[in-house]
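Participant: Sharing a structure with you now.
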Amino acid sequence: MILKELNHSKTETGTSEKQERPGDPGPALTFIFTMLTMEFWGIQAGIFNGPTMLSVGLVQIACFIPYLIGAILFFIRGDSVNGNIFLIFATLFGGVGGFCNTMIGFGNIMGWPICTQMTALPYILGGLSIFPVLWVNRKTADKVTAICYLAAAFFLSLSGLVSLNILSGSWNAIIQWLSLTVVITGFYSCFNGLLVCGGSRGIPVGKPFYK
């Protein structure tokens, strides 16, 4: 689910390409992205709450380093678009979100009042940052990836607006469906990316919406 070489061109698996630059970290980063979104879906669905937020936060923090490594690999490959967006994700999900959810969970255990709106503005800004990435890749992004990132953009932005009480809690049902859409399309894209990286034809992901 990378946004500059979304079709996972087979030339990337050629010997000369492999000798010139590192392999494609896209499928692994997509897996992390999908896994963390599944955690967020659990929060929205009420499955994870109270002290269990501590575990969610620790999972997010654990993903920060591999997220960061993946972003650096994209920069080494000369892919600034994916390097920047995954560095934003590393900071947003692994750093800010992980630390805040850990503190929220710890506060619930200790009985301390913790403001749950700490991540609202970062999530809104993170969601908005996805739109320019989608725009510059509108003619190359396959349908699965475009849907995944579009759902993620609205999921993050709406979550922040609800947290700030700008939108009512009734929007949570929509947010749950958006996050579930990200999970399904993200894992599908990850599965396809792993197949292509191994030299397979992959599975259908659809041509770009724009030509």
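Using N, Cα and C of the backbone, Cβ positions are placed for all residues, glycine too.
Straight from TrEMBL, here's the annotation block:
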- 1-23: compositional bias 'Basic and acidic residues' (COMPBIAS)
- 1-26: region 'Disordered' (REGION)
- 28-48: transmembrane segment (TRANSMEM)
- 54-76: transmembrane segment (TRANSMEM)
- 83-104: transmembrane segment (TRANSMEM)
- 110-135: transmembrane segment (TRANSMEM)
- 147-168: transmembrane segment (TRANSMEM)
- 174-197: transmembrane segment (TRANSMEM)
Participant: Are there three or more C-beta pairs under 8 angstroms joining the transmembrane segment (54-76) and the transmembrane segment (174-197), sequence spacing 6 or more?
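Facilitator: They are not in contact.
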Participant: What else in the chain is close to the transmembrane segment (54-76), if you only count residues 6 or more beyond its ends and a Cβ gap under 8 Å?
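Facilitator: Non-local partners: 2, 21-22, 25, 28-29, 32, 35-36, 39, 42-43, 48, 82-84, 86-87, 89-90, 93-95, 97-106, 108-109.
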Participant: If I count Cβ-Cβ pairs under 8 A between the transmembrane segment (83-104) and each of 28-48, 110-135, 147-168, which range comes out on top?
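Facilitator: Checked against 28-48, 110-135, 147-168; highest Cβ contact count belongs to 110-135.
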Participant: With a Cβ cut-off under 8 Å, give me the same-chain residues at least six positions beyond the ends of the transmembrane segment (28-48) that come close to it.
Facilitator: 1-2, 55-56, 59-60, 63, 66-67, 70-71, 86, 89, 93, 97, 152, 155, 159, 172, 175-176, 179-180, 182-183, 186-187, 189-190, 193
